[in-house]
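Copied over from TrEMBL, here are the features:
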- 106-130: transmembrane segment (TRANSMEM)
- 151-170: transmembrane segment (TRANSMEM)
- 253-274: transmembrane segment (TRANSMEM)
- 295-316: transmembrane segment (TRANSMEM)
- 336-357: transmembrane segment (TRANSMEM)
- 369-389: transmembrane segment (TRANSMEM)
- 395-416: transmembrane segment (TRANSMEM)
- 437-455: transmembrane segment (TRANSMEM)
- 467-484: transmembrane segment (TRANSMEM)
- 505-528: transmembrane segment (TRANSMEM)
Amino acid sequence: MAISPLKAMNGERVVVLIFVLRVLSSLPLALLPHALSLSLLSLFSLVVEIRVDNSPSLFKTRPGASSGIILGAVTLPTVMLSKLIQLSRAVSLQQIEIGELEHMTMQFWAASACSCGVLILLFIVTWCAANKKNPHFSCSVWDAKFSLSCVILYSAVCCISLATISHTGFNTALKLLWLLCHGFATVKLIQHLLSTFPFCASIGEANLVTSGLVLYFGDMLACTISKVCRLLIPPELVSIRYGIKRSEIGIVIQGVLLGLLIFSAVFKFLIHLWEYFWGANNSESRERKEIWRSLIFLTSLGFIMIAVAPSWMMIVLDFDVHPVPWIFQFIFSEPFKRLSLCIYWLVLIYASVLRFYNISKNSKIERILLRKYYHLLAVLMFLPTLIYQPKFLDLAFGAALAVFLVLEIIRVWRIWPLGQLVHQFMSAFTDHRDSDLIIVSHFSLLLGCALPIWMSSGFNDRPLTPFAGILSLGIGDTMASMVGHKYGVLRWSKTGKKTIEGTAAGITSVLAACSVLLPLLASTGYFLTQPSLSVSAHFDLQKDTGMVTNKSFPTCFHLEAFLKGKKFIY
């Protein structure tokens, strides 16, 4: 039976579509193809979400959560499109080269291809299930025609856009092949994720995670292939990070994550190999076998992180020195400030973990509310550091992510002697969103705070962009959960648990935090310490009249002048 569009548009879908329309309304005419493709992707994801929500459960997703397909499908492309808008302003100001804009264009189309591939997979699965149940289901035919039209139009717009930034037809074909590889890799990865870790994520969350992983490690693969054979890979596929090369901190983080990815595969292979040749010997005690597994773990981890990953960084990304001495040199370049921050973090973490771990074992407070205190802890830890030591926070986020990944590997594989201890400790903070196979809550909090900071590196003319994750997760999400849990009555959708009261509390708290943060940033001179927020050559400040003359709209300096009581002349 057909579903009317009015009934299909629940609160969550309306909010997502308003978010997309807000971004589309700010696009310049040069990005019109991208706006059309994002519109088609949004419509296609809306159709797929409606079909999945009204079909029997075909995937082992997180119980009690809405599918979140439209949100997961449009989030990453919309973020890339927002970055494209920023870079288009930077090109007009001649602050970046056109190659950076072309590279971000490729990243946008790659993100769109990842989402489109997952949507096609979901539609095919639901189509087959519907036809198997009722071969004469006419609504499926209409949905198929509409979805096929969206995919065809999306593909045509993509080809036209890529042709405009390619010099030859061969380059265009190569870029299209690269996008197809992204879509195919995302489809295979999300199938593996949902089957290997059942009931750990919704479809939208799985789509967002797999698309991000494919984009990030696809960039590493493009860099490696381009270094080996530059003639076969267009330079647009290589991430030339805001200048001749990306930042040193970005290189270190990318190398560490690549090393952990290689380590996971190598360690699994070595364990299977060891069990095949020596595992049949039952004369050894279990404790002795655990010791051998630990030695294999530590040896392979040390070799890859000290030798393999740094070699890749120095050869492929032209990193001049070994990353380990570079990290120590970076920390001790400002030893008092950065070591004081480390001590401050350790004290906060120790006190909070000790307090809340005891509460979690003895209290009847729901785990999801208890974990929101860690969101507030993130604000206390990261907000001062982002204002006064943003580069050090970049590196600290990368180090924390690496530590979390290593601890999760130790917990999953039960590596002696820490495996069981880590599992017992982490289990005290889990709820229905986690499982014994994988615990993702701490990753969500860390990446939610770190990604806006990492993605706003380079040219950024919006001062609050790096603070988006800290404010939304640390303050907005905390207030939304507490108010929604205690006072929430009106739900956004039938299947989800999010309430309108909680959402209103989250939005209000973030706006209040921004109203306090902006004057604080202006008083500390934060805007002037950021290269893309500083005064350009076309900006004239007339101190004697207190007037600011703008010839190139450096938005953030306007904001600082406004907060100090200046007037503007456009």
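Any Cβ shown, glycine's included, is placed from N, Cα and C.
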For the transmembrane segment (295-316), what are the same-chain contacts with Cβ under 8 Å, counting residues 6+ beyond its ends? 223-224, 227, 251-252, 254-256, 258-260, 262-263, 266-267, 270-271, 274, 322-324, 406, 410, 413, 415
Count, for each of 151-170, 253-274, 369-389, 437-455, 467-484, the Cβ pairs lying under 8 Å from the transmembrane segment (395-416), and report the range with the highest count. 437-455
Quickly jot the same-chain residues contacting the transmembrane segment (467-484) by Cβ under 8 Å, restricted to those at least six beyond its ends, or write none. 368-369, 372, 375-376, 378-379, 382-383, 386, 445, 448-453, 498-499, 501-510, 513-514, 517
